[in-house]
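Novice: Annotation source TrEMBL lists transmembrane segment at 21-41, 53-75, 96-114, 126-143, 163-180, 186-207, 228-252, 264-288, 309-332, 338-362, 374-390, 396-418.
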Amino acid sequence: MRFLKNLIKNDSFKEVLSGSFASFITKAIGILLNYFLIFYISNKIGVASVGFYNIILISLFLATILCTGGLNYAIIPLLHRFSSNKTELYSRSLSILSILLLIAGLLIYLLSPLINNSLFSDFKAYNPYVLILLVALYVFQYFNIEYIRGNKNIIVSESLRNIVFPLVVIIGIIFSVSSFQDYFNLILFSIFAATIITLIPSIYFALKSAKNTAEKSFDISKNTLLKTATPLMIMGLSSFSLSEASLFFLKYYYDIKAVGDFTIIYKISITACLVFTIAFAIIGPKIAELFWSKKTYELRKLFVSSLKMIFFATLPVFIVVLFFPSFFLSIFNLSADFTLELIIMLVGQFLYGITAIFGLFLMVTDKQKIYRNIYIVSAILNLILCFVLIPKYGVLGASITVAISYVFLNILCIYSFYKRNLLV
């Protein structure tokens, strides 16, 4: 095909493929480990346990967004800004995290009955003190990994995030399954173990990275950090709403089994956008580099080549899952009754995956505010659809909600892209 020949001749595209190889490998391994983890839990323990596992993880991630005040997103630009004073930046960030975690711990304790009834009603051994400790450990672990990544130690950060954590969870579940009568306790134990084991090296590498590059340091105020981080926290919450809000609605209106059903359907459907997910970390920096260097011709060639590559690499996966949905559902111990839900989600993720590069362009260039506003509008639409569809239609309603929200997001991104003639 002609476009393949053009790809080979495109120097920027060849650089994209050769660059960020470590990130590509660790992300690919992490994806495989996570699919194996979901496969093992669904077949050996049950689909409801998949739901419990995912509820725990997304609750921890939500806590991370809130308890870092958005610093988990802001730490990379902050490291560029305060590159000569990394020690002060790290210590100030940890002090902010500590204060926010104390507030979060108090809220978890005071709202314990509500949290238990809403999220962990199926978990008989729920203990607010255990949850508070797990949240604190997970938040520090996640922030350290982002700090390591911001210092360009990509192999370490992505290995801890994508390989070590899921691998420890898998090992914990496989080798401890006979020791637990309650499988929910088993999953909580495995997540706890993975968090601690990932936290220890993350502390070491974060402290190793937190060294000043100048002899004279200067003070960094907490207000300065929060002023940068808060807008990114809003963006992060919007992104979280798009991908995870439906799970909380399913748990509230139905049960943990419904959460497990939807989690598996979602995991299968996102195979239609895995190419973009993996390519994201590789293509994004190169687009930003060419844009800010004002190399419009090379940028246009890279953009078009990447768009075509993502489409043609994604299409075969989409077609296979589309024509054999029952087979893929059966792999994860789900019946063919969820075929419609899977097809709806699959189409939505396919359309998102092949056009998500338009949003990526907005995000890594000087149009971040436009992209943030698009995400906020899409998140609001997602929440409205959650309220309307999920109580009545359950997993089907959640599938429709997520599919529409992601397609709507990219329609707005494409419209904004062409309206502003960004590649002209």
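Any Cβ shown, glycine's included, is placed from N, Cα and C.
Any TrEMBL annotation is an automated prediction that lacks curation.
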Novice: Return the stretch with the most CB pairs under 8 A relative to the transmembrane segment (396-418), choosing among 53-75, 126-143, 228-252, 264-288.
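Specialist: The listed stretch sharing the most Cβ pairs with the transmembrane segment (396-418) is 228-252.
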Novice: List, by number or range, the same-chain residues at least 6 past the transmembrane segment (338-362) whose CB is under 8 A from its CB atoms?
Specialist: 261-262, 265-266, 268-277, 280, 283-284, 287, 303, 306-307, 310-311, 314, 318, 321-322, 325-326, 328-329, 368, 370-371, 374, 395-396, 398-400, 402-404, 406-407, 409-410, 413-414, 416-417, 422
Novice: With pairs restricted to those 6 or more apart in sequence, evaluate whether the transmembrane segment (126-143) and the transmembrane segment (228-252) have 3+ C-beta pairs under 8 Å.
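Specialist: Checked: the transmembrane segment (126-143) vs the transmembrane segment (228-252), no contact.
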Novice: Restricting to CB pairs under 8 Å, which listed stretch, 96-114, 163-180, 374-390, is in contact most with the transmembrane segment (228-252)?
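Specialist: Comparing 96-114, 163-180, 374-390 against the transmembrane segment (228-252), the winner is 374-390.
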Novice: Using a Cβ cut-off of under 8 Å, list the residues of the same chain at least 6 residues beyond the transmembrane segment (163-180) that approach it.
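Specialist: Apart from its flanks, the transmembrane segment (163-180) reaches 26, 29-30, 33-34, 36-37, 40-41, 44-45, 186-187, 189-191, 193-195, 197-198, 201.
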